[in-house]
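So the structure is just underneath, and the comments pick up after that.
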Amino acid sequence: MTPQKTEEPRGSQANGTSASNAVLHECIFSSGPMFEEPEQMIEERLASGDPQYEKALGEWETESKAKKAGEIDEDQEWLDFVDDLTATWKNAVELETRAFEVHEKAYAQEKEAIGEEKKAAEALTKRAEEARKVAMEEKQKALEDLKAAFKHLVSLRAKKNVLRDASSSGTAQGRCQLMDEEY
């Protein structure tokens, strides 16, 4: 983009080098982010010993570290949640396996039993079948919860990456994308 002058400067600004013109020109026609300080300028201000600048930079670093720690904590919470769901699913599988074993034993006893023993064995088989059915339902629900949690975790990570990319890109499109993003 090339600026077009509409009128010639007058008076003390005739040579076009006044500080306000240079700053205005830099703010309006700069291709980079408006408020980002070049690394050399940061080093110069730190070397000059400006206490307010050092304090602000320290606060920014502390805030940045806290933000990263918060993201790590959030990721860890989700990983813990998924681990808990995985453990629940494994327990449901074990319960189903045990119920199946009890059912098989009861069925075998039913086949061998006669009279009163046969009725007791049939009742035990029926209870074992019901327990197995409940265990299978719990296992299926745990598996569905686990799948949903993984999908949600992947979605959150993708959103976080998009937001990080958008906020670090510094482009107008990236900032608009950051403003439009919803959780």
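Any Cβ shown, glycine's included, is placed from N, Cα and C.
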The residue range that TrEMBL labels region 'Disordered', out of 37-57, 58-78, 163-183, is 163-183
The coiled coil (107-146) [mean pLDDT, rounded to integer]:
84
